[in-house]
Amino acid sequence: MAKQKLTREEALAFHLEPTPGKFEITATVPMTTQRDLSLAYSPGVAVPCEEIAEHPELAYDYTNKGNLVAVISNGTAVLGLGNLGALASKPVMEGKAVLFKRFADVNSIDIELDTEDPEAFINAVKLMGPTFGGINLEDIKAPECFIIEQQLKEVMDIPVFHDDQHGTAVICAAGLINALYLSGKKIEDVRIVLNGAGAAGIACLELLKSMGAKHDNCIMCDTKGVIYQGRTEGMNQWKSAHAASTSLRSLDEAMAGADVFLGVSAKGAVTQDMVASMADNPVIFAMANPDPEITPEEAHAVRPDAIVATGRSDYPNQVNNVLGFPYLFRGALDVHARAINDEMKIACAEALARLAREDVPDEVAMAYGQKLSFGRDYIIPTPFDPRLIYTIPPAVARAGMQTGAARRPIVDMDAYEVSLKSRMDPTASILRGINARARNAQARMIFAEGDDPRVLRAAVQYQRSGLGKALVVGRDSDVKEKLEAAGLGDAVRELEIVNAAKTDRLDEYKEFLYKRLQRKGFDRHDIHRLAARDRHVFSALMLAHGHGDGLVTGATRKSAHVLELINHVFDADAHHGAAGVTALLHKGRIVLIADTLVHEWPDEEDLANIATRAAGVARHLGLEPRVAFVSFSTFGYPRSERAEKMHRAPKVLEARGVDFEFEGEMTVDVALNPAAQENYPFQRLTGPANILVVPARHSASISVKLMQEMAGATVIGPILSGVDQSIQICSSNFTSNDILNMAVLAACKVG
Ligand SMILES: NC(=O)C1=CN([C@@H]2O[C@H](COP(=O)(O)OP(=O)(O)OC[C@H]3O[C@@H](n4cnc5c(N)ncnc54)[C@H](OP(=O)(O)O)[C@@H]3O)[C@@H](O)[C@H]2O)C=CC1
Ligand SMILES: CC(=O)C(=O)O
Ligand SMILES: [Mg+2]
């Protein structure tokens, strides 16, 4: 897994744009008319109020309580950064809230309470009970967190769950089950050293002991060293419960001969010497965030036989509670649970451990750009594994039902799993998939317009995200100046700047271009002007000569003009079968529109070619193509000369015998809406179309721009397909993120 460099400015920009913070709240009901207002608010709202007053359980039906979790902190133990206070903890809490939404479709809101007094904290949370279906406590330091959680559990009738304790313990247990399996050791026999006797540490050791780890085999350490029986300094009742009868006093001493090291303490707390002194095949979970107790590189340098995990996303084996809390709450909320009990936590740990041992399906491999299989570098599922949402919550819900925590048991578990699957947003996995493939490809990407700040930001991002090498075409001083103005001055040393005026390859490029254009009215002088002065042509020449693996251009000029220039070097035109395909991503759906770039007014043969190109792009994105030739008529009615070619195009494909579904002509609603399709029982699409082949470039442009402006759809493309080399042409209104997306598409040769 390529390590990504994240700068402070990137992290700040991510939180600043497009609006401050990481989420907003949207209404799920129409709020347009007088009638809507009367229903949502007074007088209509009185009816559910009265119903709930009489039958409190109806709050789960008439309000968002049943799918709403509060992430609550006082900021006293923010990750491993220490006591930053309530306000400064907000980015982490907003982060947890968006993880709830992204991974388990749980609505969540962060609440930061400005108090270090457990009693004040407890009172505040207790009073919030009616609002939420569950309370996720976060980053509250020990020992106050134990008191707070215990008392809230006693007084509240919804799950109260301190994530840093139990979320961490569950994931740690899941990872350890598999790590021990791989190293051939049993939990009853292993010597465990745990560093960090706080929220996470105490809960991890408690859970492992309940799973068979022997008290006498476990040593817990804190900032004062080993917690031994009789120690008085820095102690509390929770630490005392794990005090060992031992003469060992320091972490250093404890590590000698240990089988397992678990770190929930602080950055750099473990040295290479300590790791070197561990037993054979040691297990090292360095879980402190954002920086681990020891990095995997450092640990492996002295112990190649170690199985190493961290809490971070950029190393293999991410042992992080993100794998737990979204799914634990999903399962708990879906049975209207009163609590998340130990049985539910253990069910979660076991289900996670089992999932990692299963064969990894292609969709997961595609999302990560590598084949994952159970082993030392894959002991726990990856956070983006789409199976988590339909595997873990049922296990949790079942345990909740068996132990009486559930208020409303699930009757049909199969139907429940199907409903969980439908909560997944397929567009997210597509975007992740192409990013992972690009990262694997490590393409040298030519960014032709090095004088544009958006292009420069995209180029820097491309390289810093570990996608490959960015080659920026421009004048050195100009690029440097613009990078500095964009606050990216230090990127000058990272990017490769290619200046057409200075390259010694120009003669070779000019010769090539002259051969192509000499019979098209271009003389040597024209050729020099094009090759040396036009960055689109120069960049295309670089690509044609293998001096880059892909090209992104077009952010500063009209696409049609840029395409014309590219065509001096490549055959990227309608005549040679090129086509433009634009992906529209909206509300969890992805629809491709074609041709958005090359053909002005395609005939039925062209339309069939365009469909085939679009089907190729769809498959590259991981979609099984279903093409609809769209028009204003459906299967011949109303009759119109303009719709004729759309009527004939499917027949062309039929004659060719292609290997994808297609149908037409039809209106867009018939193409996209299964209910409308039912009116045409003879039609051959097995589901809503995901490719719309439109009659002409103007209708393509109108559809895409309408979706973008009116619906706020995400637009990727036009993706240039059917050209020998990987070229992507941006639009002049693209943001740096859009340009980066085009570079990613070019890198994984979608097209
Ligand atoms: N990967 C994951 O999913 C998770 C990771 N964590 C990480 O675990 C760490 C602790 O979090 P949490 O338990 O909530 O915090 P707490 O404040 O509750 O506990 C911190 C504990 O770590 C000990 N400690 C701190 N620095 C050192 C050190 N250099 N050597 C030994 N012990 C040390 C403290 O010792 P003392 O008692 O002497 O002060 C205390 O016992 C953080 O880095 C956090 O990011 C937490 C939750 C989840
Ligand atoms: C992951 C997490 O919750 C922490 O580090 O605090
Ligand atoms: Mg935390």
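Note: Cβ is positioned from N, Cα and C throughout, glycine not excepted.
A TrEMBL annotation is a machine prediction, not a hand-curated record.
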### Additional site residue, Asp114, Asp117, Asp164, Asp314 [criterion: listed by TrEMBL with Glu138, Asp139, Asn289 for divalent metal cation]
Asp164
### Message
I'd like to confirm something. Which of the binding-site residues, Val78, Gly80, Asn83, has a Cα closest to the Cα of Lys96 (active site, proton acceptor)?
### Response
Val78
### Summary
As a whole number of Å, the Cα atom of Leu81 (NADP(+) binding site) is distant from the Cα atom of Asp164 (divalent metal cation binding site) by 14
#### Entry: Residue counts (helix, strand, coil, in that order) that DSSP gives for the domain 'Malic enzyme N-terminal' (20-153)
69 helix, 16 strand, 49 coil
### Summary
What remains of the binding-site residues Gly85, Glu138, Asn289 after requiring a CB under 6 angstroms from ligand 1 is Asn289
### Task
Using DSSP reduced to three states, classify Asn289 (divalent metal cation binding site) as helix, strand or coil.
coil
### Task
Enumerate same-chain residues with a sequence separation of six or more from Asn289 (divalent metal cation binding site) and a Cβ-Cβ distance below 8 A; give 'none' if the list is empty.
Leu79, Gly80, Gly311, Arg312, Asn320
### Distance, Asp164 (divalent metal cation binding site) to Gly82 (NADP(+) binding site) (CA atoms, angstrom)
13
### Query
Any idea what the Cα distance is from Val78 (NADP(+) binding site) over to Asp139 (divalent metal cation binding site), rounded to a whole Å?
5
### Message
Quick check: of the binding-site residues listed here (Glu138, Asp139, Asp164), which one has the Cα closest to that of Asn83 (NADP(+) binding site)?
### Response
Asp139
### Query
Val78, Leu81, Gly82, Lys96: which of these recorded positions put a Cβ within less than 6 Å of any ligand 2 atom?
none
